[in-house]
Ligand SMILES: Nc1ncnc2c1ncn2[C@@H]1O[C@H](COP(=O)(O)OP(=O)(O)OP(=O)(O)O)[C@@H](O)[C@H]1O
């Protein structure tokens, strides 16, 4: 009939197309009647969306790269009053010179004091050397997101299913429907009904395809395999069958998981269909099973019912369940904390250490009263902590004129530790071998150095024990000459710290016969320093017995009992976390050998991290020399299992000196996955228990697979041992070190991982560090002060192993002992009848070097002559 009507009706030319177009509502993709073209278009847009999603998943836009937190004050430890702290150690030697001078030498004209930081184009040459390991071909996001080829081809030819079932089920459902060959656009009006019947060949091909797909989804679709065609089937029971099948499977999986979880095993079974307890969906009376078919009794719609949930909601439920399971599993706390550490570091300000009373008094003298001060004390009395606090306060005070403060130290390493430059660099004196007039001429030719001498109001010198006495005198002379000011150091306020019992000045090979000349030996020392203060509270060692042993050693007055106690420390120590003590050596060669030997023992891929150096110094040779003083090495090679030490403060728990082991190398993206599920690195968890993404991440990390080029660089994941006995994981990323001039000019800068190999360390590099585990063989010691520096790094006897302890190796320099004894004689002087007696606690410490703060403890003003005699014998 239709054919007849069709034949009878001959539409006017051009109308056929219009009619075809009207058949599709405007929202339909096939408005021009060309279904294939429209489907193609739709597919393309879907693919591009899939590609985009793939990309955004890979690079989480919410992720912000962690950056350095500022250096700060560290170590949360209970304040401990050492055996020395009973004395009030402040001593105010006569101070009649007014140091609150202002530079009237035209310094205010110096408007160009702030030099811009200059980066030479060659500064970043090292970029090319970075071992990025990223030469792999990138699979395009669209390729990654696209389904298997054969499936996507089928999807093109298949008509849209009206039911939003999972892809494979949808495909199965469609296979009962005759396929429309869509190779050309056919409008119904022009199609012969016979065209709708598939040709015999295509029917066979279709059946084959159907068979393939059935096999492919055999697991998911076993129970919904198409039954012999019914005469008439409404689409909804089919959809229900599949949805219920999914629900049944979900329930079975949930029950299986619950049975593995002992904590949940007592929970009763709940039907996913009717929500009643005591039976599963397969036994549900409301859904009778007939073999692989299901008879569906319509049940009133209830949103809360599980079968009304969409496939994505079911997935969501599954995910929640899995997450719960994972959360209940015991995981390494350190790993759980890892990402928080990683992400918080950026904003986390280190909790400042609250200064002790004696530290505060020094701070006050320097910052508020602008006095020239030398503060000293045994190892661990917080000299560095105090110095950093002083610098911070002075920077606040001179916030508008930062170049008024010159931060320097005797060595490059010490200078780096406080963010300054060497004394030589500051002075612009090169090696400083010439006499003062020659050096002054040299400086006058150097505009920058000249400006520094004119502008500086406060000169900070750290690790004074390594400053040569002659150099001190020369600098003093230069300052007077350059500033045309006859006062000591040309009126510059000095803030000096260090412990002369520690490492002495580097020997002057041109002047060997002279021997070591300390800064306190300098002629101008007494006139330049107006307050000498001894810090007495030891913070590093909490055990007073150990602190006392170290102090005896420092003074070179070691008792037999102490010798015995040190000899008892020769036992080998085995630590539970398999982290070895750091062995200290006097020479760099011994350190390099020891670390290289241990590295060779490790199997596995080696990762090299080369520093990125820059700065205003364009001469790479000079810059390298400057940077070679830094703790951060030019190149660090790491392997899984390498023992490393953190060389920057990260937060209260992860500090400069923290010891750790490299446990893996990973990108930031993989690190986030690791944070979500630390099981990916747990050998005890079988691979099958991880979901697909986690499996991939585990495989790529364990097999040291190169990351995809756009997924970022791999960094070491280090498990640090924390003082409280726990461990913490940190993905260690580069930090910056700078050599900065007082005017803010960054002479040299290094960006490198804040790590060094830590099986062995030089005593020189260890100076200033606090170490939980130390090992030392005293046979190797050759210099005075070396043994004291090495042993006093340890925080406790439990973490110290000493081999071959000999009294003769524990040498204090006689002149240093003399100097400190002369300071001690101040106390004797204080017992002069004219003077009010010392407080009792100070008297009890007559045997120790002690410098009393006359202003504070006596409330008595000495006349200048009397005090000078007292202080310097
Ligand atoms: N006021 C304080 N409160 C708590 N801890 C402190 C305080 N001052 C210093 N410390 C801690 O004591 C330890 C030693 O401090 P620091 O390195 O400043 O001592 P030092 O005198 O410079 O030692 P060294 O002479 O060996 O370099 C550090 O761990 C530091 O955090």
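Cβ atoms are placed via backbone N, Cα and C, with glycine included.
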Annotated range (TrEMBL: region 'Disordered') out of 61-80, 121-140, 141-160, 201-220: 141-160
From the ranges 174-200, 228-254, grab the one TrEMBL calls region 'Disordered'. 174-200
Determine which residues of the same chain, besides 377, 378, 379, 380, 381, 382, 383, 384, have their CB within 8 A of the center of the CB atoms at the recorded ATP site, and list them by sequence. 499, 535, 538, 539, 540
Same chain, |i - j| six or more, Cβ under 8 Å of residue 380 (ATP binding site); the result in sequence order is 538, 539, 540, 541, 547, 770, 792
When the Cβ positions of the binding-site residues 378, 379, 382, 383, 384 are compared with the atoms of ligand 1, which fall under 6 Å? 379, 382, 383, 384
Checked against DSSP, the composition of the DNA-binding region (786-805) is 9 helix, 5 strand, 6 coil
Let me know how many other Cβ atoms fall within 10 Å of the Cβ of residue 381 (ATP binding site). 27
